[in-house]
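S.K.: According to TrEMBL, the feature domain 'CN hydrolase' maps to 230-469. The annotation transmembrane segment is assigned in TrEMBL to 34-52, 64-83, 95-119, 131-150, 170-192, 199-219, 474-496.
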């Protein structure tokens, strides 16, 4: 089998443009490894093709081109849904919207290309060095992509294995970045090594992950609490329209009245106006229909200064509790990065409230009852494991409120749900997702979706959520453990090089 693959590669490599095109196609195909398709072995194929190509590249420059081609196909397929928000709902001309998605994909493809170049330039092609060095470099550049210029950690390769493969056992220890690096390490060992080393390294990674899955890092506290998660299914073109304002308010008032849980959660900006501009009668009515229970809702808040407003979550039934304001804003959607460079785009976009202010870095959980402490995050924030853990170990439940109507009809909502599953596993906590159009779901501490509402439907998801206390290694160390282990692998690769 390995001999056949080698012959295929050699035939492709004789034609300089055929192999990059093939890698771009394989990278694009990997979108099927993520939710909602969950064909996770396709990620094995995509990473194996990338690793094999880099190992056989004749120069660092060639490896750079191959890594870039793979990354371009990978990201064009995985973030295509941005086109929908820019064109369908933002009003940007179609060609311009497609161009913006392509430019963003070109930028993001630089990161796997950098890993490929560095591996060939500094690691070389010897088996042990490449087996150890490439996963470390790929992990470091993937982490860099999630950090540089506020970061865009969408489509991290580790997410594709959630929640089904033994690699998820590593998430409470090294997070999703570490799991992705270990996947590449195991594939490299199985492809490049021989004899017992091949199986001990390649399959040992999976066996240890399976053992880690048996670990119970956190423990339940108190009885399960009943929760109600509302999904209003308000189309994006109606959500901020003045003609639909009262209808939108009534939608969530009616859903709140139907809710049976002790904690009722409404999605991001369920109240489509600043709290200070919302009719008093409406806020009083919301509180009245739910008391003495708890109502949590997303609502924009105006700040003390002009042009200062926040994408916030508040406990409407207890104004004494501090509000949560979104910390990690979406570039171009909620704030304008480098306005002197990108400000022109907003002449072509119709995006309400695109100038939010970031909330404080440290914000306390909502204390609700004896055992329940909610750690809210808003929409895109659950892509960042390092930020979710800031409220831990104090928080006993994670809550994500989202409005993904901007990407209606795409796979974005399912991909984000998969990231929520990863956050639940990393922290050993339930994740409650309340969204406008889906996916509204209850996810347990193992990352399993216990129940969910159909996408693009209106209703209330009723269920039970267990509070959890305790901590995981990832909560304690965050991404530092992964970064340290990646550095250690690079050191080992260098030492093997000296020995050889």
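Positions of Cβ are set from backbone N, Cα and C atoms, glycine also.
Could you tell me the structural context for the features on the list?
M.R.: The domain 'CN hydrolase' (230-469) scores a mean pLDDT of 91 in the predicted structure.
Sequence-distant contacts of the transmembrane segment (95-119) (same chain, at least 6 residues past either end, Cβ-Cβ under 8 Å): 50, 54, 57, 60-61, 63-68, 70-72, 74-76, 79-80, 82-83, 86-87, 130, 133-134, 137-138, 140-142, 144-145, 152, 345, 348.
Sequence-remote contacts of a segment are chain residues at least 6 beyond its ends whose Cβ falls under 8 Å from one of its Cβ atoms, and for the transmembrane segment (170-192) they are 2, 43-44, 47-48, 51-52, 55, 127, 130-132, 134-136, 138-139, 142-143, 146, 156-159, 161-162, 198-199, 201-203, 205-206, 209, 212, 215, 217, 385, 422, 425-428, 447, 472-474, 478-479, 481-482, 485-486, 489.
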S.K.: Give me the stretch from 34-52, 64-83, 131-150, 199-219 with the greatest number of Cβ pairs under 8 Å to the transmembrane segment (474-496).
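M.R.: Going through each listed stretch, the top one turns out to be 131-150.
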